[in-house]
């Protein structure tokens with residue numbers, strides 16, 4: 001039996017260590033190879049994407065046109081805007097079911113073939129009506145309108161959140177609500193709170209924004225407004241100051257009034273016409289319900305007419321509590337303030353709270369006293385009464 005010398009033992013130990021080092025190095029290199037292969041695949045995908053993007057950018061622009069008539073599976077009559085009509089081929093990848101008269105399409109420059117279906121064009125004004133940022137008003141910020149809020153939520157919010165309740169009962173949910181009452185009583189505020197609470201598209205428009213100079217422009221805006229609402233359903237449309245376009249129609253009218261009447265008739269057709277409206281709810285607000293056209297007020301268009309009156313004593317007290325909850329009050333009797341502000345609107349009460357705070361700031365105080373509120377009541381309501389007296393006397397003098 002041979003015995004290894006000391007040098008041989010040392011060499012064998014170095015050899016084993018070297019083998020271990022090589023194995024570890026091989027594993028490291030294999031890991032690097034896998035990482036490089038993954039990077040290569042990623043870069044190849046990026047290269048393919050960039051080549052595809054370059055190919056799309058190199059494509060010549062297409063003409064925009066409108067389908068006039070679909071002849072068969074492969075051909076259609078199209079019209080370039082304000083230009084001649086062409087009988088063209090339809091690309092095989094186009095969904096024939098979506099091609100209808102009036103559909104906007106992209107046409108190839110050389111062959112005029114239909115190569116793409118374009119979305120419906122909309123006036124930028126209509127797109128601007130959509131409310132992107134939700135108002136920060138909640139139901140808790142509204143005082144004295146519990147009954148009105150309940151009726152509004154039942155008609156608009158409940159069908160959007162729990163449509164199954166109406167299906168079980170076997171009734172159709174209300175389609176529209178009209179809020180009417182004196183100025184400053186919270187009609188727009190209720191709509192803002194509803195927009196904050198519901199998970200639906202909210203479109204706000206003032207009635208006067210739908211009035212246009214040229215014939216048919218206002219009616220077109222109304223049509224595009226409801227088309228946008230249908231596309232983004234569930235949707236709530238809030239029309240503020242609807243009396244601007246919803247006044248009673250007269251026999252003798254000027255050119256401008258006839259255009260307003262055309263806009264109103266388009267609104268009537270959109271709200272309850274031949275085509276179904278879908279999951280689109282309409283809320284309108286006005287200070288003048290007496291001048292609205294009767295066709296606008298019938299069920300099917302506005303199923304609920306909600307009066308938003310001047311607040312009573314309890315309502316005024318609730319409104320004062322809402323507007324003073326962040327104020328530092330010292331010795332203030334809100335019940336007494338509510339009693340002496342009979343006939344005041346919610347806007348008046350907010351102005352009173354603001355003026356009371358201004359009186360405190362004027363005297364370099366961080367708290368508000370009863371005396372501040374008394375002076376604020378006299379300033380806000382006293383000025384209003386004087387202004388009304390001046391207007392009345394002016395009408396008496398000048399007719």
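Using N, Cα and C of the backbone, Cβ positions are placed for all residues, glycine too.
Copied from Swiss-Prot, the annotated features are:
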{"type": "BINDING", "residues": "184, 185, 186, 187, 188, 189, 323", "note": "ATP binding site"}
{"type": "COILED", "residues": "19-60", "note": "coiled coil"}
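Here the features listed in Swiss-Prot are painted onto the structure.
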residue	record	DSSP class
184	ATP binding site	coil
189	ATP binding site	helix
323	ATP binding site	helix
In the structure shown, which of the binding-site residues 184, 186 has the fewest other Cβ atoms within 10 Å?
-> 184
Using only the Cα atoms of 184, 185, 186, 187, 188, 189, 323, which the record gives as binding ATP, return the largest interatomic distance in Å, rounded to a whole number.
-> 17
Go through 185, 189, the listed binding-site residues, and name the one with the sparsest Cβ surroundings, counting other Cβ atoms within 10 Å.
-> 189
Mean per-residue pLDDT in the coiled coil (19-60) works out to 85
